[in-house]
Structures are given as structure tokens and as C-alpha cells.
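> I am attaching a structure below and will ask some questions about it afterwards.
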């Protein structure tokens, strides 16, 4: 917990009540290494995903629009990751100035909200495409998808404003280091608890409930369709993938959200124990690695479930250029979930079973 002291040379000077919290040699080695791995893998994977979706698949479906925007949001975040790697390797000494402190912090916040919102919209799109394919046709258009993505980027930018406003460079007098951190003028301020709860609720809880509901309804619809056509072999991979998508999202973000909430309690002075502060400050960068590494893999995780994406991705790796004219159908970001024309899965046993193509 930090307490305000004075201002000198434009940089606020503060005291740290728990100066040793989170400051361990293994953190200063492990975290920059993990950040570097995330940067290389993320830049490579997301850049290829953008090329495949835009140049090979020609951006023809709603799902491809969401997937492309997810990859672009990840790339925006990844470009700032070397700054955080250097910051941690220098034992939390920020050498890049106040401007980059704000931009890099806003990028982290922006990626969180943009990615989560895009995944939520994708789950709704998959629900409409599978459970209500005919009724949702007029709503599931490229124009609607693009407008939705613009709104998501605006909302994510709005949610990132607190990082630009309140994240600054501070000089900690009792440790003699300059840090890039959040600092609130009053311990009684409602601002930190408000920002923390916004991140917990808007950045995780509500999106998770929507994603869980969407895929649960998809699960039930597919299960019902299999029961109608009992003579058809059941593809259990479909249900495993639905379960994997939900669990992948949940376990990627839960640790980070929990420690974010604990960090808010420390900032407010509710938690005074430096031992707990040490646990939180030590665990926080690890949870960030888990959340954002999984986040940066999302375009590949979802894309590789589709035959078209996988095919063109491998072509790109072999330096095979895209054809001048493409008739490909990117079927999802979660990928090729297709539903054969019927909005009523139980209406007729003669109708084809809905299929979740996993290639």
C-alpha cells in the first residue's frame, strides 16, 4: 500500500508500506522470460492469423470479422509487452517515462476488455447460427458484425481511460526506485474499488455468464438433435470442444480476477498485512502471464477448429500465396459450427443432424 508524500520535479514522491512485497529474484528472471515467450509466440501466431483471415479467407463471414478483430487487439497489446519485460527485469524500475507508462497500461486494459467482449459476441453468434440459423439470418450480417466490433473497440477504449488518467510514474522514497503504478490520493476513495469491481464484473463475470449460457444452449440443441437421429453416430468431440471453450476462458481469467480484487483491498487499506501483500504482488504477474498468454492463443485456438483456417494457415507456412479468387467460408472463430437449415431441431427426425465441424 502506498501513501502520498510530496511532489518534486513533476514526479510524485510516495512511501511504500510494504517495500519488499513481490520483489523476488526469481520473479525478475521468470516473468521477463515468460513475457518474451508470449511476445514471440503471440506476434507470430496472431500475425499469421490476420494474414490467413484477411488475405486467404477474404473476410466473408461474421465469425471471421470477430476473429480478425481479436487478433488485432492481441497485436496491439503484444507491442507493449517488451516494455513490461524490461520493467520487471529491472526490478520494477520504469525507465520509459510517464507517457509510455500510461499507453502501455491502457493497452493491457484495452486488450482485456476487447478480447472478452469479442469472445462474448462470438458465443452469441454461434448460438444464433446453430440454434436459430434461419431466424437470425437478417441479424447475422457482415455490416452488423463490423458495427459491433467498432462498438466493442469504443467500449474497450472507454474502459481503459482510468489507466490513462490514474496510472503514472512515481518515485518511491523508501526504496529509491521509479515505478509505473496506480496511486490514489485518499485511502477512503471509492475509485479503486469501483475500478476493481468493474474489471471483475464487466471484464469477467457478465461475459462468462453469457458465454456459459450460450454454449450450454448450444450443447442442449446438439444433444437434442442427436437424440432425434439415433441411427446417426454421435460425435463426442463436439461436446468436448464446447466444454474446453468454457473452461479455457474460465481458468485463464479467474486467477487474475481474484488477485485483482485482493489488490484493490490492499490499496484501500482493508488488508494491512505485508505478507498477504507479498503473496498478491508475487502472484499478480504470474496470473497476467496465464491470462494474456491464453488470450493471445485464442485466434489460433478457435481458428484451428475449422478446416478452412487450418488449411490456409498451413499453406501460409509453406509460402503458398492465396488464390486471386477465394470461395472459402470461414465458419467460425470457434470455428466451423454449421447448422443445417432448420430452426427446430426436434421437428423432424428426417432432417440432418446439426454438425459442429472439427477438422
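For all residues, glycine too, the Cβ spot is worked out from N, Cα and C.
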> Would you confirm whether, in Swiss-Prot, residue 17 and residue 180 belong to the same side of the membrane?
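Going by what Swiss-Prot records, residue 180 is on the same face of the membrane as residue 17.
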> For the record in Swiss-Prot, which of the ranges 310-334, 335-359 is the region 'Disordered' one?
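Among 310-334, 335-359, the range Swiss-Prot annotates as region 'Disordered' is 335-359.
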> For the transmembrane segment (26-55) against the transmembrane segment (191-216), do we get 3 or more Cβ-Cβ pairs below 8 Å once near-sequence pairs (under 6 apart) are dropped?
no
> Okay, the transmembrane segment (240-268) and the transmembrane segment (62-89): do they have at least three CB pairs under 8 Å, pairs separated by 6 or more?
no
> Just name the most isolated of the disulfide-bonded residues 18, 101, 180, 274, going by other Cβ atoms within 10 Å of its Cβ.
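Checked 18, 101, 180, 274; of these disulfide-bonded residues, fewest Cβ neighbours within 10 Å: 274.
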> Near residue 101 (disulfide bond) in space, meaning Cα within 10 angstroms, which of the binding-site residues do we find among 17, 167, 199?
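Neighbours among binding-site residues, in sequence order: 167.
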> Taking Cα atoms as reference points, rank the binding-site residues 17, 167, 182, 199 by distance from residue 176 (N-linked glycosylation site) and give the first.
17
